[in-house]
Amino acid sequence: MVTVSYSFAQQLKSEARNNNSKRTLTHGAIKLETDRIFNKLVALRRDLHENPELAGNEIRTQKIIAQYLLDLGLEVETNIYGHGVAGILKGGKKGKTIAWRSDMDALPQDFPDPVAFRSVVKGVQHGCGHDIHMAIGLGIAEVLAKNKESLKGSVYFIFQPEEETFIGAKGMVNSGLFSKIKPDEIYGLHVSVLPVGQIMVKPNEMFAYQKRVRIKLKDELPKEDAKVLTKKIHSALFRAANGSKPWEIQHINDPKIGPANPNTIFKDFLITDEKFTIYSKNGNLFLEAYLYETNSANLEALIPKIKQVIAESGYNDQLLSISFVQENPTVINNEKLTDIATKTLKIIFGKDAVTTDYGQLPFFNDDFTYFQQKVPGVYFFLGGSNLEKGIIAMNHAPNFQVDEESIRTGVKSFSSLILERLKKN
Ligand SMILES: [Zn+2]
């Protein structure tokens, strides 16, 4: 954070020189306003954390968000899809339109949570940080709404339900979200295990392509032989840099092999579940596993390759079908906007404000991709860990916690980015 404040001082000086009109919103003013509302945002986040709601049930959450946006003077639309909310902030002048997305739902889990504001809803917890995302989304809305007269264009705040089930974004898009709002660009983030204060982004795919393959065989194969077959498939498909283990996601913060290093282990790999799920149903035998492939060009060859292993193992007569039973699209960041966003954040907050990501993480994904299919956009990782405080923000993990300072980083960084994007026509 030292680098950030140093370059911020420079930024403030140049803003002071250039700022003839008091009504122009500056990055210095954004920072001050963010600091001013920070405690309120933390309290709001804690309330959401204490009262989490599962995908499809974000009733209380929706009410709180809609009221907050109404109080800021935004136009609010709640009749789009599920318990989603869209807030429309119209600037004082005509211009560009930018959307910011926050997801709303919590997870079905019951881990020990050491915080004083732990969930009061049994079996439901904000174990993925969407409570932080909502606080950031509302914080950006507040900072910008208080300066709306000076804004050129409109900002749309999309609060999306049902992210964990991969349904909400698609639901909002299919229900006509983009006929109600027409953003030129869309942005969003996800809290991650990176250190607090850090933002990470890459152009194109942020995650590996995740697919679940189902192999259907005649139920003649003993389970033990099926197990041997899945092991053969597993090793035939496997591809990773020499000796590396891209499934060991805890290396994400490792400077040598983590995604911040161009030689990261999190690129150019194909991994599968170590153990396939093997079960019999209706007289057939099923083998199922998740596959994670980083290169889209290799996706079409996956099923033929599995077929080949089955044939070589002598089970061609038993094979009935191979199909993908789940193949969600992946977050793909617009190259040009990623480059612009990275440069913009570095100019305002210093060269360490954004880390370039060279990898694609397995296991995770985000249905933000459905918005990106309609509107060019960028999805960022926002650091939430603080090892000194014992906080590790590994999403969905039993000990997941988030340093609330990430709310401050998120609000000031992305209010500033949106401000800059609105200036460009
Ligand atoms: Zn999440």
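Start at 1 and count along the chain as shown; that gives each residue its number.
Note: Cβ is positioned from N, Cα and C throughout, glycine not excepted.
For H396 (Mn(2+) binding site), the number of other Cβ atoms no farther than 10 Å from its own Cβ, over all displayed protein chains, is 14. Taken from TrEMBL, the feature Mn(2+) binding site covers C128, H130, E164, H190, H396.
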Secondary structure of E164 (Mn(2+) binding site) (DSSP, helix/strand/coil): coil
DSSP three-state assignment for H130 (Mn(2+) binding site): helix
C128, H130, E164, H190 as binding-site residues, winner by CB count within 10 A: H130
H190 (Mn(2+) binding site) in three-state DSSP notation: strand
